[in-house]
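Below is one structure, written out as structure tokens; comments come after it.
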Amino acid sequence: MTSLAAPQTGLLRQYLVLTKPRVTQLAVFCAIIGMFLAVPGLPDPGRVVFGTLGIWLLAAAAFAINCLIEQEIDARMLRTARRATARGTISAAQVISLSGLLGGAGMLVLYHLVNPLTMWLTFATFVGYAIIYTVILKPRTPQNIVIGGLSGAMPPALGWAAVADAVPAEAWVLVLIIFIWTPPHFWALALYRNHDYAKAGLPMLPVTHGQRFTRLHILLYSLALVATTTLPYIIRMSGLLYLASALALGGMFVAYAWRLYREYSDALARRLFRFSILYLALLFAALLMDHWAGLLA
């Protein structure tokens, strides 16, 4: 009995890794924040639960397909060489079945238990990431993460649509914030994984334009990010609590970017990459806290 259970557990763990759970968690978190910001009070619990489930399922399906498409590239990169698809321990048919099951279930949940708008927007995001970004943009242009970043920026709009049956300007402001955040986040990773990307033949910005050019653009995007994060306050979507948080977090982001530009090290690039994840989570948490503070005032 134990000998049979061990391989099954190992296979399930490999499936889970293909869905990139850490990345999925951040995306789903931003979607949930969008849900809570979409209404004056508390959103409908059913919409939150099933919206979260459906968005998570389709995100996981997209990441699994991404791993399948990039299996040969992943095999040449130290960071991704241990993925089951890169090692060939999971077949293409298994990955397609997994992605089809997750994606199909997600679409059914969103269509029948949330609303068709959220289903179609989430499906478009799936196509944008799994096909347009992975197949067309990533292997062809150093602007891959800039253009393709829209699909990764969509979660707040998906969450908003799940609760409000609409995607107003406020939701697109949140999308814009993540869209501007995405390039410096990924370029920091590409800097300290530069040799990996070069070995894999991917035209990431540090590979095609060099380290200093990339560091400059990280700094420029970090400044643009600080400006963009003031928009919720400017359009009266959020108040002073959010603005103070956004400026404090943005100041830390710019400080990291400035240090990286002045004096590069892999360790500092790694710290910026990790901080950028925390930054986005705290920024969206500040949006929610400010929203609730406004309701209680």
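Using the three backbone atoms N, Cα and C, a Cβ is placed for every residue, glycine included.
Record features, source Swiss-Prot:
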type	residues	note
TRANSMEM	23-43	transmembrane segment
TRANSMEM	49-69	transmembrane segment
TRANSMEM	90-110	transmembrane segment
TRANSMEM	117-137	transmembrane segment
TRANSMEM	144-164	transmembrane segment
TRANSMEM	171-191	transmembrane segment
TRANSMEM	215-235	transmembrane segment
TRANSMEM	238-258	transmembrane segment
TRANSMEM	277-297	transmembrane segment
Among the recorded stretches 49-69, 117-137, 144-164, 171-191, which has the greatest number of Cβ pairs closer than 8 Å to the transmembrane segment (277-297)?
171-191
Are there three or more C-beta pairs under 8 angstroms joining the transmembrane segment (171-191) and the transmembrane segment (23-43), sequence spacing 6 or more?
yes
Taking residues 6+ outside the transmembrane segment (144-164), which of them lie with a CB under 8 Å of any CB in it?
27-28, 30-35, 37-39, 43-44, 47-48, 51-52, 54-55, 110, 114-115, 117-118, 121-122, 125, 128-129, 132-133, 137-138, 170-172, 174-179, 182-183, 186-187, 203-205, 284
May I ask for the residues of the chain that lie six or more residues beyond the transmembrane segment (117-137) and have a Cβ under 8 Å from a Cβ within it?
51, 54-55, 58-59, 61-62, 65-66, 69-70, 103, 106-107, 110-111, 143-144, 147-148, 150-152, 154, 157-158, 161-162, 165-167
Take the transmembrane segment (49-69) and find every residue of the same chain, 6 or more past its ends, with a Cβ under 8 Å from one of its Cβ atoms.
15, 18-21, 23-24, 27-28, 31-32, 35, 83-86, 92, 95-96, 98-100, 102-103, 105-107, 109-110, 113-114, 118-119, 122-123, 125-126, 129-130, 134-135, 155, 158-159, 162-163
